[in-house]
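Database features, via TrEMBL:
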type	residues	note
COILED	120-160	coiled coil
COMPBIAS	1-10	compositional bias 'Acidic residues'
COMPBIAS	43-60	compositional bias 'Basic and acidic residues'
COMPBIAS	165-177	compositional bias 'Basic and acidic residues'
DOMAIN	67-114	domain 'G-patch'
REGION	1-27	region 'Disordered'
REGION	43-68	region 'Disordered'
REGION	161-186	region 'Disordered'
Amino acid sequence: MAQSDDEDDYMTMVFDEPKKKGTETSLQRRARIRAENEIKARVKSKTELEAEEAASRETGLDTAIDPSNKGFKLMAKLGYKPGETLGKSENARKEPIRVTIKENKNAGIGVDSEKKRKFREEMENEAKRVKVEEGDYRDRVRQENEEKRLEYELRNAQKTAQWLADEHKTATEKDASDTSPASAEQKPLKSINVLWRGLVRRRLEGERNWRIRKSLDDSLPRSQRLPIYVDEDEDADYKLALGRDTGVTPIEDDLDEDDPDLEAFEAQPIVDRLLKVVEYLRQNHHYCFWCKYKYPDATMEGCPGVTEEDH
């Protein structure tokens, strides 16, 4: 069947040849070079650089080691084959550990080292603080123990000073009535030497408190107390020893009064108070509190010194 005239004859189709590129003119060449230089000269942004760096890194991590690599050749000599594991274990890794890049603001070389350094400094500072607190605690305990010891020595020195003063008064005064215990309690509290006045005052306060408690106990009905024998011929000292003398001595009236001299003396450091009592014993009685010895004269020959450290 003959083909119609209007049908295309594909066997006789003619294809137009592509137009040949004309020769690049000097103007076009200069324009092309200028555009390329502008692209090269343009400074890439931080985001673009990070993207290129990440792409290059991922490409490198995804690319296997080339067989021509010296490291690969060394591993091949040891028996390694691509796709197999290292070592005898079948469960060993077939690929190296994946590198994880930190993407937060703390990423960077040396960040972990800086954190460790800061943590180490904090721990060292904490250790120093604890050590200082421990040292302060030891010093505080040592100071408290030393103050307790000095208070004990002060009480003993005051007792010694009072005893020597009473002994000296007994030896010098002729009137026996003035040296009796009864008359000694009659003198005002402020007339006692301030060096041991506080000792006497605290003792009298203790006796008064005891008498108050005894008086309250005596006020109870007879049925609630044990029967006692009362001898009218007993002297005052015996009654006081048995707690039967509830009378109040005149010196106790001074306990409620202010004593500025005693307050000023007891406000001084305990070391100064002890030193004053020790010096009083040496100057007035030739007695060394640390030697525990009364010397025959004021030279006190044989005593190494005034302070405890001298002994």
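Counting begins at 1 with the first residue displayed.
Placement of Cβ uses the backbone N, Cα and C atoms for every residue, glycine included.
In TrEMBL, annotation is done automatically, which means it is predicted and not curated.
Keep in mind that this is a model prediction, so the values were computed, not measured.
Across all of the coiled coil (120-160), the predicted model scores a mean pLDDT of 86. According to DSSP, the region 'Disordered' (43-68) comprises 17 helix, 0 strand, 9 coil.
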